[in-house]
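Taking it in order: structure first as structure tokens, then the write-up.
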Amino acid sequence: MKALAKLERAPGLTLTRVKRPEVGHNDVLIKIRRTAICGTDIHIWKWDDWAQKTIPVPMHVGHEYVGEIVEMGQEVRGFAIGDRVSGEGHITCGFCRNCRAGRRHLCRNTVGVGVNREGAFAEYLAIPAFNAFKIPPEISDDLASIFDPFGNATHTALSFNLVGEDVLITGAGPIGIMAVAIAKHVGARNVVITDINDYRLELARKMGATRAVNVARESLRDVMAELRMTEGFDVGLEMSGVPSAFTSLLEAMNHGGKVALLGIPPAQTAIDWNQVIFKGLEIKGIYGREMFETWYKMVAMLQSGLDLSPIVTHRFAVDDYEKGFAAMLSGESGKVILDWTA
């Protein structure tokens with residue numbers, strides 16, 4: 001089958017032919033329709049330090065997808081041939097303390113699709129049926145293919161009650177931008193997002209941001225004054241992994257505020273703990289999606305009017321994958337979709 005793989009320990013990916021995956025007793029085989037390019041895939045493309053330490057070579061990658069079930073293992077229940085599905089990209093052990101307590105997103109033995117094992121940038125993907133998630137007919141293939149990052153945004157944004165709250169989001173990547181739409185959808189008052197990328201800040205405005213602030217040119221404090229915010233933000237969502245952004249977020253938080261961290265900062269990043277301790281801040285680390293509460297919330301929000309369509313900005317046939325990666329690398333894109341049926 002056709003697949004997009006890392007064949008050499010060097011930058012780039014190669015469109016190649018690989019063996020179609022075998023289907024275990026508890027697996028489903030998915031014929032891929034659409035995939036989306038993730039920031040993780042950009043790390044793999046660049047072959048940075050993280051990728052060199054993490055990614056087996058050779059291996060086809062990718063973990064954001066939608067497709068239909070074409071084969072099932074003999075022990076699979078609850079699915080049928082032809083079901084349209086996406087899937088949870090974190091495959092968990094089922095036996096550790098957290099898995100057995102129903103907290104699978106905290107499994108200490110997590111294996112990542114397209115990171116630690118063969119991925120979705122291929123014509124077919126085999127995954128445990130437990131990880132497959134049926135997509136309702138009213139949700140498009142494009143949106144279904146980005147449920148993985150949409151889930152990151154949902155898990156982060158809904159970590160705390162947002163109704164009537166003032167929310168600061170640092171980092172206007174696709175996940176941060178989707179968090180804007182989620183926060184407004186569930187009833188936040190002011191939703192302010194910061195970055196230095198004008199293209200993505202404009203996308204955030206389209207998705208409902210109260211203010212999208214280029215911090216290279218505009219003061220966050222001035223924006224807070226403009227919005228008549230006298231005490232700081234109630235909820236902070238750190239999506240960038242940039243130390244200076246995290247610092248500014250902590251400084252802008254109100255006393256008793258709550259902070260969720262999805263962005264991954266460099267090791268040994270300095271924190272002004274006075275901001276945390278004397279403000280009584282609550283800080284929560286976010287990894288992946290809650291299984292499968294996050295997934296049900298994503299569907300419910302889309303069915304109740306959440307519009308994420310502006311976040312998909314580029315679409316390419318898989319044979320033009322290099323154009324798709326170029327769009328992502330340019331910084332002037334939202335989500336980039338690769339069509340495996342074209």
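The backbone N, Cα and C atoms fix where each Cβ goes, glycine too.
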Identity of the NAD(+)-site residue among Ile175, Ile182, Ile271, Ile277 (reference: Asp195, Arg200, Leu262, Gly263, Ile264, Ile286, Tyr287, source: Swiss-Prot): Ile175
Environment of Cys38, His63, Glu64, the listed Zn(2+) 1 site - residues of the same chain whose CB lies within 8 A of the CB centroid: Thr35, Ala36, Ile37, Thr40, Asp41, Gly62, Tyr65, Gly89, Gly114, Gly119, Ala120, Asp148, Pro149
Cβ neighbour count within 10 Å of Ile175 (NAD(+) binding site): 28
Closest of His63, Gly263, Ile264, Ile286 to Cys99 (Zn(2+) 2 binding site), Cα positions, binding-site residues only: Ile286
Cβ packing number for Cys93 (Zn(2+) 2 binding site), 10 Å threshold: 14
Separation of alpha carbons, His63 (Zn(2+) 1 binding site) and Ile264 (NAD(+) binding site) (Å): 19
Zn(2+) 2 site shell beyond Cys93, Cys96, Cys99, Cys107, criterion: Cβ within 8 Å of Cβ centroid: Thr92, Gly94, Phe95, Arg97, Asn98, Arg100, Arg104, Arg108, Asn109, Thr110
Site of maximum Cβ density within 10 Å, from recorded positions His43, Arg200: Arg200
